[in-house]
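Data first, discussion second: the structure below is written as structure tokens.
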């Protein structure tokens, strides 16, 4: 059954890649794929659970007295339905809720003309120069925010500046690459680095100086190549004919109100990583707090504006602008990957890598390449589960202390895993959360990205990896 599940996943993946010629929306394919894989896993669960989740299954049954007298088959059904699916949907929901919150804040800023304050100050009209500016902004913003939020913000900015949709695809592709590379060197820049940081595998003081140069190289190489596709000055987008309600309300709002929404919206986004560090609550709680605050603020603001109620751009109206198909595509992909994870397929592949290769650099390079196909979160989670953080006592008692030293806190394995899992997703447009969102927002075709961007992203990924390996052998740890 494991083989059949892998084949079904690959077929679904191919259908997503062929979305344009098949004329089937990728969101529908992803939802179908996710549901089918879970159905297959449910029927195969009794044979897969002992190897894939044996300890979790025993703990689940032992803590549920009502299940002890049931048959093994019934116990498996309850384990999948009451534990694995709920856990999977819970984790996916945290990502989707965060995405909804971030998109809502960005749409609210855009609806009130907030981004115009920034675009008016972007004086560069040369396409190549603008691409460099956008890439640098994205790279450093994603280290402070996260690559998902950064990508949404930058795409909204580019829409205000670049009119040609094909040129926006190039800008969008570079935003994905720069966001993923920028998130890899910061402990709060990507979901995977946050996982490694929170669990104590890496620390801020060691990670930033050791990964920032490889991350810069991984973004610089694709930038140099993608610049060649752009020539001349930017053609600004046609001004959309604003609806009567938008024209009326924007005339009523002064620059002070528009600027306040921009500043408060950006502060709400920047507040999320701080909120997580202080409260230890997941990021989606921070983004919901920000949405609630902005909602409260705009309600008070509109209470002072003398205009018809139906013309006010309240948040309850703005939220309808969010791209629902992007959210559903995200849901389907993550459900499909979680089905493979629960079936033990990803863990089995990780074990095969470890036993067959036994080289931390090669293993991580393959994990990074694989993260372009499946979500990097379960891959990193699987690696964390397979390799505990080694202590000095464990290293001293090991038969191979040199190899085990790679797994101490801030060891080579963990740092290189953060780089590979973060940057590797750029090789395919659906290989990262940032890529999925940009693909949905700008309607970037999978095959276009594969033909025009993937090779350069691969070269950047490998170049950054070479820099890290050379840095390790020639210089040792920078700090």
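Here the Cβ of each residue, glycine as well, is placed from N, Cα and C on the backbone.
Taken from TrEMBL, the feature domain 'Citrate transporter-like' applies to 13-405.
Taken from TrEMBL, the feature transmembrane segment applies to 27-49 (among others).
Within its own chain, the transmembrane segment (96-118) has Cβ neighbours under 8 Å at 148-149, 152-153, 156-157, 160, 246, 250, 253, 257-259, 261-262, 265-266, 268-269, 282-284, 287-288, 290-291, 294, 298, 313, 315, 318-319, 321-323, 327, 330-331, 433, 437, counting only residues six or more beyond its boundaries. The transmembrane segment annotation in TrEMBL covers 96-118 (among others).
Under the heading transmembrane segment, TrEMBL lists 169-188 (among others). Remote same-chain residues near the transmembrane segment (169-188) are listed as 130-131, 134-136, 138-144, 146-148, 150-151, 154-155, 158, 162, 194, 196-197, 202-204, 207-208, 211-212, 214-216, 218-219, 222-223, 226, 229-230, 273, 276-277, 418-419, 421-423, 425-426, 429, 432, 434-435, 438, 441-442, 444, 448-449, 452-453, 457, 460, 464 (criterion: CB distance under 8 Å, separation of at least six residues from the stretch ends).
The annotation transmembrane segment is assigned in TrEMBL to 208-230 (among others). Residues 127-128, 131-132, 135, 139, 167, 170, 173-174, 177-178, 181-182, 184-187, 410, 415, 418-419, 422-423, 426, 452-453, 456-457, 459-461, 463-465, 467-468, 471, 477-479 of the same chain lie 6 or more positions beyond the ends of the transmembrane segment (208-230) yet place their CB under 8 Å from a CB of it.
TrEMBL lists 259-278 (among others) with the feature transmembrane segment. Within the same chain, residues 102, 105-106, 108-109, 112, 114-115, 117-118, 144-146, 149, 153, 188, 194, 285-287, 289-291, 293-294, 297-298, 301 sit at least 6 positions outside the transmembrane segment (259-278) and bring their C-beta atoms closer than 8 Å to a C-beta of that stretch.
The transmembrane segment annotation in TrEMBL covers 284-305 (among others).
Sequence annotations record features per position, and here TrEMBL assigns transmembrane segment to 326-350 (among others).
Beyond its flanks by at least six residues, the transmembrane segment (416-441) meets 16, 95, 99, 142, 147-148, 150-152, 155, 172-173, 175-177, 179-181, 183-185, 189-193, 196, 202, 207, 211, 214-215, 218, 222, 323, 325-326, 329-330, 333, 360-361, 364-365, 367-373, 376, 379-380, 383, 449-450, 453-454, 457-458, 460-461, 464-465, 468 of its own chain at Cβ-Cβ distances under 8 Å. As annotated by TrEMBL, transmembrane segment applies to 416-441 (among others).
The feature transmembrane segment is assigned by TrEMBL to 453-474 (among others). Same-chain neighbours of the transmembrane segment (453-474): 173, 177, 181, 210-211, 213-222, 225-226, 361, 365, 368, 412, 415-416, 419-420, 423-424, 426-429, counting only residues six or more beyond its ends whose CB sits under 8 Å from a CB of the stretch.
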**Complete:** Per the Cβ under 8 Å criterion, with at least 6 residues separating them from its ends, the transmembrane segment (27-49) contacts 1-2, 4-5, 8-9, 12-13, 15-16, 19, 57, 72-73, 76-77, 79-80, 85, 325-326, 328-329, 331-336, 339-340, 342-344
